[in-house]
Amino acid sequence: MNTELIGIVVMFTAAIVLAIPFGKYIAKVYGGEKMGLDPIFNPIEKLFYKTSRIDPSSPMDWKQHMVAMLTINMVWFLLGMLILMTQGSLPLNPDRNPSMPADLAFNTVISFVVNCNLQHYSGETGLSYLGQFWLMFLQFVSAGTGMAAAAVVFRAFREKTSSSLGNFYDFFVKSCTRILLPVSFLIAVILAFDGTPMTFEGKDTIVSLEGDTVEVSRGPAAAFVSIKHVGTNGGGFFGVNSAHPFENPSYLSNMVEMVGQLIIPLAMVFAFGYFIRRKRLSWMIFGVMTVGFLMLAIPNILMEVNGNPAIGKMGIDNTLGAMEGKEVRLGAAASGFWSIVTTVISTGSVNSMHDSSMALSGMNELLAMMINCFYGGVGVGILNFFVFIILAVFVSGLMVGRTPEFLGKKVEAREMKIAMIIALIHPLMILVGTGLATAFPEQGASTLNNPGFHGFSEILYEYTSSSANNGSGFEGLGDNTLWWNISTGFVLILSRFLPIIGPVAIAGLLADKRFIPEGEGTLKTDTSTFGLMVFAVIFIVAALAFFPALALGPIAEFFSM
Amino acid sequence: MKKHLIPAAVLTLVMLVFFTVIYPMAVWGIAQFSPNWGKGEIIEHEGRHHYANIGHSFIRDDYFWSRPSAVDYNAGGSGGSNKGPSNEEYLASVQARIDTFLLHNPGIDKSQIPVDLITASGSGLDPHISIQAAEVQVARVARERNLPEDTVSELVASQTEKPLLGIFGPARINVLKLNLALDNLSE
């Protein structure tokens, strides 16, 4: 058991230690500074811009950024629908998997365009290798989109007063080529040598020692599994994601995938500080995020290690922990830790089945996605946190009776309205969706895999995961129905683009305002006092809004056991 | 929006070439130097091949059993049971697995049965069992194979895979490798 705990500590520490210099690197990338990798990437990027006739140096204001972002996302959506609905007759399909029906294609494309990777299909039977590659492309560019949006916000606070905030294509392409690609490539190579397949051959057939004939799905998984983590996408190549012994063959691969998914969300926090030259602010943000993260992760590790009390009562040896839905090579502790990492940072890849985790572990997984800003997904995590900072600045301003300011800019009614709307969209999407699916049992209840309170949690989890753009699931839910495909599809779109546009708009509006130098009465935002304030706002807005729903699901289940 | 549409579409196409052709081909190229050319680690045995990372269903008494599986170890797909911890029906099936195990392993007390042997894995393809799960089956396998228990115990010890570098993660036993070694021992 000790070796399992040491493994977790080392994974987490390694991610933080690597994230600090990587954050500095990211800040250099967005600052357009010279770097050692220029000779490799400059020609590639030039080629991209030359063919598409884009001038990456022409400045954009926040609105132009958003128009460019939405346009290219629409292109991906349309092209994606075309590919997934015709993949059955396209090449690279050795297993002869069929084309997707329209509703499933709609859900799948949206879900990968918005970096969620909710999967209502199983990779082994639902996609050709061409389809997988298209989704892998979306894993790169959707992560790049989120990071580009964060870069706009970074830029807005670097200049004293300016409406030109860099160029969207510049931020986006560099995110993909200079940040996501090198890390993904390195991890893909490690995984390939650790046993993850990287082949274009289709299913193999084997005969087991007891004489059963079974098939074994293979495919070009290593390249896919690495970007799925690095871009905090989370969509698995195979149905069970990183619980699959091909996607996650050993404890080593588990550690590599863990560091791979944590590194960019952590590094973005440090990149912000380096970029605007306020490192203390980064540490305040990092501190609040880490406290929140540990408050969710530690109980989960303990609950999973202690095992299912209902099975313990049967008198067997329960010391390995809650092993239903978990793999022996990874163990209960690393699975409990992963279940929170993947939900706080919106990866949504799983190495154990969350549906089978303990009742309150399930609650923490839900809470992690409901809060959705303790580290958060690549780029978007810090945008979500930014909204809470703005709210905290306003509340603190009211408490001391001064005009609220953040980094020398007055926060006024317009910014506050946007921040409030963004903060409330998330509960609105989750609770309305869950309410509707619960109200129509033929759509909701009939698709459940478990009765009672846990069944309600399955519905709640699906909408929470969609709205948080997370992509994990209580996978017992039979979610490939018209209802689930369409309803979560709309939740996905709204919960992706509004929380990107909102913070970028706030940052753009603030960037336009006159810079007020710090004085006696300025509220310091890089202190632990202010950190506590942000934490309180997050707790009140995000956590309490969901308490009644949690009480009906995981909390009720816990007390019924 | 119109101004961006054509550049966005062209940019998408060139990036498609870069990220879905050049990147995976580079990974594929390097994977050719990995064991079995990136097709998954293979164990050859008596003219048949097996994947070291993909578990097999073992239900005969003269083999060490694998963990229960929601997909019967058919690796054309994958899946867990997704049963919640309080699900009565599920708990009844766990109880049934305990009863079956006790029936096939007389002399074993149920407090010796480790939880991994009566719960289904996440993937349904888990190639491993815990050390305890192998030890609790030693008496049965030895009896069925007419081998001394000590010999089988030693085999289990020799097949134990240590934590990574001795300090990270759980120790475990690959059931397929253990049973192949068992077959070699019996011959």
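Keep in mind that glycine also has a Cβ here, set from the backbone N, Cα and C atoms.
Under the heading transmembrane segment, TrEMBL lists A:6-27, A:67-90, A:133-154, A:175-193, A:258-276, A:283-302, A:366-398, A:418-440, A:482-511, A:532-556.
Using a Cβ-Cβ cut-off under 8 Å and counting only residues 6 or more beyond its ends in the same chain, the transmembrane segment (A:175-193) has close neighbours at 25-26, 29, 37, 41, 44-45, 140-141, 143-144, 147-148, 151, 222-223, 225-227, 229-231, 249, 253, 256-257, 260, 263-264, 379. At the 8 Å Cβ threshold, with sequence separation of at least 6, the transmembrane segment (A:283-302) lacks contact with the transmembrane segment (A:67-90), having fewer than 3 such pairs. The largest share of C-beta pairs under 8 angstroms with the transmembrane segment (A:133-154) comes from A:366-398, of the ranges A:67-90, A:366-398, A:532-556.
For the transmembrane segment (A:67-90), same-chain residues at least 6 beyond its ends with a Cβ under 8 Å from one of its own Cβ atoms are 60, 96-102, 104-106, 108-110, 112-113, 127-128, 130-131, 134, 138, 141-142, 145, 148-149, 168-169, 172, 497, 500. Below 8 angstroms of C-beta separation, residues 35, 154, 179, 251, 255, 258-259, 262-264, 266-275, 282, 301, 333-334, 337 of the same chain, each at least six residues beyond the ends of the transmembrane segment (A:6-27), sit close to that stretch.
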